[in-house]
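I have placed the structure first, in the form of structure tokens, so that the comments after it can refer back to it.
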């Protein structure tokens, strides 16, 4: 699939390091929560970004591509391919979302969709500090929300993983998690210890080049699962036997410790 041109209609400053880019395209992207698009920043790179709304991406400035994206203004354009990937599957009628930082991008629309179809939603959201809190209104509109900040400037002091102690993990029909991989791995280990890893879904980030399962750059050990096509959402049991939390591969294919 060749990229289509998408004009940036609006830019929302969510936090000092996170922006939402609303895109104007000829047709709605119609992605399901958890799917992603390949975003081409002309002259820089093409990178995967999760849909945070039907026609929007929410991005944290972390590297060359996102830094270039942050320099664009309303009226500028980017290239878009997709949506790709499997996305979340809503299971049962009482779900838990566990969000770390900009892991909110795929989880907030999941909570909204679940709420619309009558599913009870509880969210545990972790941020570094008060000024990094975002999508709070979306989470609260979906259901119950508990917030933690690393420095205690908002909500409970501590990491989002600390909040797991405050809920009965076994009461939920499905648990969904997205955030930094170290945080997700700690969550996965906690779910495994509680005996509910098989009732969980995680959105994994890897180096993705083609987006259609051909190049193999995003394959995970040991099963060879392609994050771009088989994921980015995987169940907890699958991830327990994978490389998650241990290492990932860079653009050259070399292992990099998480």
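Any Cβ shown, glycine's included, is placed from N, Cα and C.
Secondary structure at residue 228 ([2Fe-2S] cluster binding site), taken from DSSP and collapsed to helix, strand or coil, is coil. Cβ neighbours of residue 228 ([2Fe-2S] cluster binding site) (same chain, under 8 Å, six or more residues apart in sequence): 48, 84, 85, 206, 208, 210, 211, 212, 213, 218. The feature [2Fe-2S] cluster binding site is assigned by Swiss-Prot to 210, 215, 218, 228.
Swiss-Prot lists 1-90 with the feature domain 'FAD-binding FR-type'.
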Long-range neighbours only, meaning 6 or more apart in sequence with Cβ under 8 Å: which ones does residue 215 ([2Fe-2S] cluster binding site) have?
209
DSSP-wise, what's the residue breakdown of the domain 'FAD-binding FR-type' (1-90) into helix, strand and coil?
7 helix, 47 strand, 36 coil
Residue among binding-site residues 210, 218 with least C-beta crowding, 10 angstrom cut-off:
210
I'm checking region-level scores; what's the whole-number mean pLDDT for the domain 'FAD-binding FR-type' (1-90)?
93
